Amino acid sequence: SFEGRVEVYHDGKWGTICDDQWDDRDAEVVCRQLGLSGNPKALSWAHYGQGSGPILLDEVECSGNELSLDQCKKSDWGQQNCDHIEDAGVSCDPFTGTYLQLFVSQIWSGTVRLVGGHSPSEGRVEVYYNGDWGTVCDDGWTDLGAQVVCRQLGFR
């Protein structure tokens, strides 16, 4: 329920995405678009099997911050040079994102700050929780966690 071949619906038909340029930033956008949390992982070479319809997208290059694949840089719809052996896949594994999910829930219920940096936009992450300030362990820490902190602090 959280992994598989990525297919998109466009102009009345379902189709696959070619894995050229496909990486974890693209997977992050797919997971977000589907409302799934966890550790986004891009998979290539028809890891979840080959599709049978048209290949609708190629050269997808997301920054990782987009809300949907539509907002990512990509080839024109239907313009591709691939075969289904290159169908892209994604895993949004909820079991590897436990630390991040716990951290995010603490941030939203408390306050976060950066301490010890050379500027207000960098430093050690601390959270105020149950009346005390504490540091955040880096186990399971990813760019996604850093993005959450930056957004909460008003940095884009």
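Note: Cβ is positioned from N, Cα and C throughout, glycine not excepted.
Checking the candidates Cys92, Cys137, Cys150 against TrEMBL, the cysteine paired with Cys31 through a disulfide bond is Cys92. Ranking the disulfide-bonded residues Cys62, Cys72, Cys82 by how many Cβ atoms sit within 10 Å of each one's Cβ puts Cys62 at the top.
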